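As annotated by TrEMBL, domain 'Gfo/Idh/MocA-like oxidoreductase N-terminal' applies to 3-89. What TrEMBL records for 104-223 is domain 'GFO/IDH/MocA-like oxidoreductase'.
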């Protein structure tokens, strides 16, 4: 795989990438899509540009890998999928947690019945640092932008079950986020036809760092995927116990 083009509205950033990878650059996507040497387009732009770039790339007969979400609108998501099927090209929306080796192992053990029938999936999803306000204003909100990762994990770990009831509560502690209006701290409770219950607590800004944990509780026991630390060394002194950062 060879990087052929970098497309960015920031010319200086483009030039920096070109210097490192020796590729071409542009500030609009059209020139890159016209290049017959381009076979795959990776979309990592702002959320509001995903759908138009996806459609342009598929129409130009390029395979597409895009960051989530495809769009904030259900119809646009379906339009993108339908176009990919029509042109018969790979179209992937990436959710990075499915490639995290801790969650892969959790998923494997659930599927192998290690804890039996699932009763509860509990996830903690807290970010650090707080994203820029410019990003949050176009992100689609905490439910579509951040909690979407937890929805994806619950779908994956539960074997594709769909919830029959959803309850959520939230608050905006940050005044700028409240003014958007959006929330920065949320809890979501879901119930499934099988009896499965899922619980998620999420926050845009955890003072102590990035925090992603999942617990799967079943009839035979419990599986827990914790944060991966930078080291396994724990310091214990008269001041107490100190763990390395995640």
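Placed from the backbone N, Cα and C atoms, the Cβ positions cover glycine too.
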Per DSSP, what is the residue count of the domain 'GFO/IDH/MocA-like oxidoreductase' (104-223) in each of helix, strand and coil?
32 helix, 44 strand, 44 coil
Per DSSP, how many helix, strand and coil residues does the domain 'Gfo/Idh/MocA-like oxidoreductase N-terminal' (3-89) have?
42 helix, 15 strand, 30 coil
